[in-house]
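Feature annotations, reproduced from TrEMBL:
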type: REGION; residues: 1-20; note: region 'Disordered'
type: ACT_SITE; residues: Asp34; note: active site
type: BINDING; residues: Asp34, Glu217; note: Mg(2+) binding site
type: BINDING; residues: 35-39, Arg47, His51, 79-81, Trp83, Arg85, Arg198, 204-206; note: substrate binding site
type: ACT_SITE; residues: Asn82; note: active site, proton acceptor
Amino acid sequence: MFEKFSLNKGKTAMPKHEDTKSISIPNHVAIIMDGNGRWAKKRGLPRIAGHREAMKTIKRVTKEADRLGVKVLTLYAFSTENWKRPKAEVDFLMKLPQQFLNSYLKELIEQNVQVKAMGDLSRLPTYTLSAVNDAIEKTKANSGLILNFALNYGSHAEIVQAVKKIIREAHSPEDISEKMIADHMISPALPDPDLLIRTGGEIRLSNFMLWQLAYTELYFSEEYWPDFNEQSLQDAVRAFSSRQRRFGGLAEGSENP
Ligand code: V07
């Protein structure tokens, strides 16, 4: 279902824009968009108000990531653990892809953005799945930023699914390699993230892309996701860039692995 493509793998891009000319831009940025409920609570609003605001942030950050020259933006929209939330909240969340796309798909198409999704999409309600598939279909010929939504995604589930696939293909143990495991992941054939951002102040990965984050720079922000803006993304990219500069001379993992 997902096409393969090569994206300057392992290297980072030169920035598209003047104001970030001398910094190295991560090709693939993945984001755990946390703090939406707390953002709402702080304002005396219901949690769902935070989720709604979160969609505006996605729009803002997608534009800025594209402007900076990021090639892939992966967003953790719904985890396999999120089903445990109150039913009313889950029902609300499942309507968000459709709402988001109703308001923004036209703009995404104009921006040449390519929408993708990763996760166990088969468990999503039909209306959610059709909205997502429609966006994937309508943007598949676009050649700009890839906006990849992790939906009903969990890293452990992804690894279990990869192992099942490999066993079904009846490989012998000697054939198993890191590449084979990587090739059987459900995540589309994207390069591994160069930078992971988690907003909302928690310092953990919460079952997100564990295999793919092995060498990724991690950046944790105290800001709640609805407060995250263009400047916040630039700050994260600058932090990434200065780490690249400091460790750039060393082969990956050659020191303090
Ligand atoms: C969701 C807003 C972002 C913060 C995290 C939780 C709530 C956008 C989407 C989406 C997904 C697929 C797609 C287009 C948009 C989304 C869910 C939750 C379930 F093709 N935001 N968002 N999906 N939230």
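Using N, Cα and C of the backbone, Cβ positions are placed for all residues, glycine too.
Automatic prediction, not curation, is the source of TrEMBL annotations.
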If you compare CA-to-CA distances from Asp34 (active site) to each of the binding-site residues His51, Thr80, Trp83, Arg198, Glu217, which comes out shortest?
Arg198
Binding-site residues compared (Gly35, Gly37) - the one with the fewest other Cβ atoms within 10 Å:
Gly37
Less than 6 Å between Cβ and the nearest atom of ligand 1 is the rule; apply it to the recorded positions Asp34, His51, Thr80, Trp83, Arg198.
His51
Taking just the CA atoms, what is the gap between His51 (substrate binding site) and Asn82 (active site, proton acceptor) in Å?
13
Among Asp34, Glu217, the most crowded of the recorded positions [Cβ within 10 Å]:
Asp34
Rounded to the nearest Å - Cα separation of Glu217 (Mg(2+) binding site) and Thr80 (substrate binding site):
24
Could you find out if DSSP has Leu205 (substrate binding site) as helix, strand or coil?
coil
Using a Cβ cut-off under 8 Å and a sequence separation of 6 or more, which residues in the same chain sit near Trp39 (substrate binding site)?
Gly50, Glu53, Tyr224, Trp225, Pro226, Asp227
Would you mind pulling the DSSP three-state label for the residue listed as 'active site, proton acceptor'?
helix
May I ask for the distance between Gly35 (substrate binding site) and the residue listed as 'active site, proton acceptor', taken between their Cα atoms and rounded to an integer number of Å?
14
